[in-house]
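Here is what TrEMBL says about this protein:
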TRANSMEM  B:6-31  transmembrane segment
TRANSMEM  B:38-59  transmembrane segment
TRANSMEM  B:65-85  transmembrane segment
TRANSMEM  B:92-113  transmembrane segment
TRANSMEM  B:154-175  transmembrane segment
TRANSMEM  B:207-224  transmembrane segment
TRANSMEM  B:236-255  transmembrane segment
TRANSMEM  B:262-278  transmembrane segment
TRANSMEM  B:298-314  transmembrane segment
Amino acid sequence: MRLRLAALLAAVAGVLTLLAPSAALAQATPSPTPPASAGAPAAVNPIVPGANITVTLLDLNGGKGDPKPVPGVGLTVLKDSKDGAEVGSQTTDTKGRVSIGIEGNGTYVVELDPKTLPDGVKLSGNGETVKTVEVKLASSNFVQFQIGAVVVQDASLGSKIVDGTRSGIIAGLLIALAALGLSLIFGTTGLTNFAHGELITFGAIATYIFNRGFGLPVVAAGVLAVIASAAFGYLQDRGLWRPLRRRGTGLIAMMIVSIGLALFLRSIFQYGFGGSTRTLSQYVVQGRQSYGPIDLSHKEIAIVLVSVITIVVTCLALMRTRLGKAMRAVSDNPALSASSGLRVDGVISAVWVLGTALTGLAGVLLAVQQQVNFQMGFNLLLLVFAGVTLGGLGTIWGALIGSLVIGLMVELGPVFGVPASIKEVGALVVLILILLVRPQGILGKAQRIG
Amino acid sequence: MDFGTVIDAALSAALGPQAIVFALAAIGLNVHFGYTGLLNFGQSGFMSIAAFGLAVTVVTWDLPFWLGIIVGMLGAVLLALVLGVPTLRLRADYLAIVTIATSEILRLIFGAVEFKDTFGGSNGLTGFARTYQDMNPYGGGVDLGIVSFSRNDLWSITVGWTLVALSCLLVFALMRSPWGRVLKSIREDEDAVRSLGKNVFAYKMQALVLGGVFGGLAGIFHILKQGSAVPTDFNTTFTFYAYAALLVGGAARVFGPVVGSMIFWFLIAGIGSFFSQATSGADPLLPDWLMTNTQASLIRFILLGLGLMLLMIFRPQGIFGDRREIAIDGR
């Protein structure tokens, strides 16, 4: 039996916002959903002005294809508790929406009448038809709660592994792009850059600005954001790191400077961008198509292709081209490179440009895959560190392999019993264990690093 | 603009419980980084394990308060041992990454929904501070004109600064002893110490445990002064702020972390209060298009980041330190 999933997308708009989860988990027979049988639903329920509870009932169809609204389902809003006074009752319209006005702040209960669900769709899980909603005075954001990811629990182990592998590979590739940037910069300058997460955020926010601010399509905005990241890296090296190297500042001092820079940049991002999470204008919600055993959306295919091609081209360039060889030479022994006639400072500049461009690209793709937030890069920073350390600090292919392992660890962990809310823990534990057993990483050269 | 309020806010923070938490944590970092040269970026992990050791013992297991204190401190010691074994033989930046990762692991586990029954989830635990509050001998608060404290704060300040003083005394005595001199020489040249027949690993481990115990003390004091243990309080940003406080005062000096924490909180609270006033009211000093009230609270963190960079570049020894004594050259 294939499982489908209906979820309630609920939002309270108006003066009072925010509301809570209302979930309908639907289990369906293989037959396609028949249209609503219970009478002709109202064409459109207008959103009540002022404080209201608006619920949209969508059939996510197990994540395949675009979500479809579910019309003709009766929903009732009650005050305080299930036995409280009825505030209003409505039947979902052709958009799957009901909108019921409320008086003000307080606790409300949304009750779904399971008898009015379309034929073949019934509530699964523990069959909860009642959800409690806390309405508080809050910002005027339109918050959506999408419930029903629980359906995964009903999926077979095989499909869970396939799903986890898919998200793991995508996460791993995004981490790998950033990790390659970090590894390049670390290799040539020895700097453990704690501001690297902010370079990811920079790419994402630049995409958002070019996309929403200047109205460019997402693809063009992404290209411009990568160029902007590269320029940002060049200026950062010229304005900050090169003068510090000239002064002979120690590596640990530079590490602490990078912490200061990270705090500085993150606060600036929050100042300009705000604390909220925002989306780009295109490719926000995409249904997935089946490709054999794996379901992928178009944007996921694009992300995988872009990152794989970028990583492979970068690695090949580092191994084959003149500049790439110069970068590796400086990374191996700066003094010897300088005495062999290499312009070490020029090479380091090039490394910064390449490294920040790669990291910015990770931010761009992350913005497309998820959403944009001022601390998205900071949240990823430790996983990037883990990927680099696991693969071997300063190695080229190590960053890729280490990051893929980390991405898979994070996304497959919940399948094998790691609590889902702390799935990053598994990857961080691996980071610590690998240092115990093989501190130079998977591909690192066995040398004294103590 | 009411400068009295700004001064009051700044002074209350500099003398109040929050500065004490930072002072204790920074004293621990001083033992790690200032004296031994260990780059511990997971001080919030030591704090959280001690804090939740106490909270879980008292609230979840319903055991006595003083046993909770012991459990908390043992937790910090245990964490130091577990962390030290794999990392103390490695390069400084490895220790940094592992400690920061460990503190995040602990924070995520303490805040996880799945362990809500034990650790209280993201809301944390409350109701363990009764014994501490019952010991409060004060009848009411105090108002000294430019600075005022409530009854609870007054008790926390008394306990806290006593702890800080005792910790400083201990650090002072230890660092004058032969043991302390070995630590400092490890910071300067590990291989030289090893060639003199000292067990460098054991000394580093002892320093890690000692600094971790101060961190644990900071964590326990933090949750006692506010009466609740919340996992998000112990994020990595806290460790970075504690480093900033230590570096302002001057590493490898007994009073460096204490004075640094007071200056840190004086500036953070003062600047916060100043910009909050400059953007509030009907006709704010700074127009709304330039800075809203929400943005005003961020200015201090922007300045903090900038300040930390400039401090490290131009005066890494802080106010009291000696430049030759700061372990800032990577090995």
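Even glycines carry a Cβ here, placed using N, Cα and C.
Recorded stretches compared: B:6-31, B:154-175, B:207-224, B:298-314; the one with the most Cβ pairs under 8 Å to the transmembrane segment (B:65-85) is B:207-224.
Most Cβ pairs under 8 A with the transmembrane segment (B:262-278) among the ranges B:6-31, B:92-113, B:207-224, B:236-255 are made by B:6-31. In summary, the transmembrane segment (B:6-31) does not lie against the transmembrane segment (B:92-113): fewer than three C-beta pairs, each 6 or more positions apart in sequence, are under 8 Å.
Spatially, the transmembrane segment (B:154-175) is adjacent to the transmembrane segment (B:236-255); three or more Cβ-Cβ distances between them are under 8 Å for residues at least 6 apart in sequence. Taking Cβ pairs closer than 8 Å, the transmembrane segment (B:236-255) reaches residues 22-23, 25-26, 29-30, 33-35, 41-44, 47, 100, 103-104, 168, 171-172, 175, 184, 261, 263-264, 304, 307-308, 311-312, 316-322, 325-326 in its own chain, all 6 or more past its ends. Simply put, out of B:92-113, B:207-224, B:298-314, B:92-113 has the most Cβ pairs sitting under 8 Å from the transmembrane segment (B:38-59).
Under 8 Å from some Cβ of the transmembrane segment (B:92-113) lie the Cβ atoms of residues 37-46, 48-49, 52, 79, 83, 86, 119, 121-122, 124, 231-232, 234-236, 239, 330-331, all in the same chain and six or more residues away from its ends.
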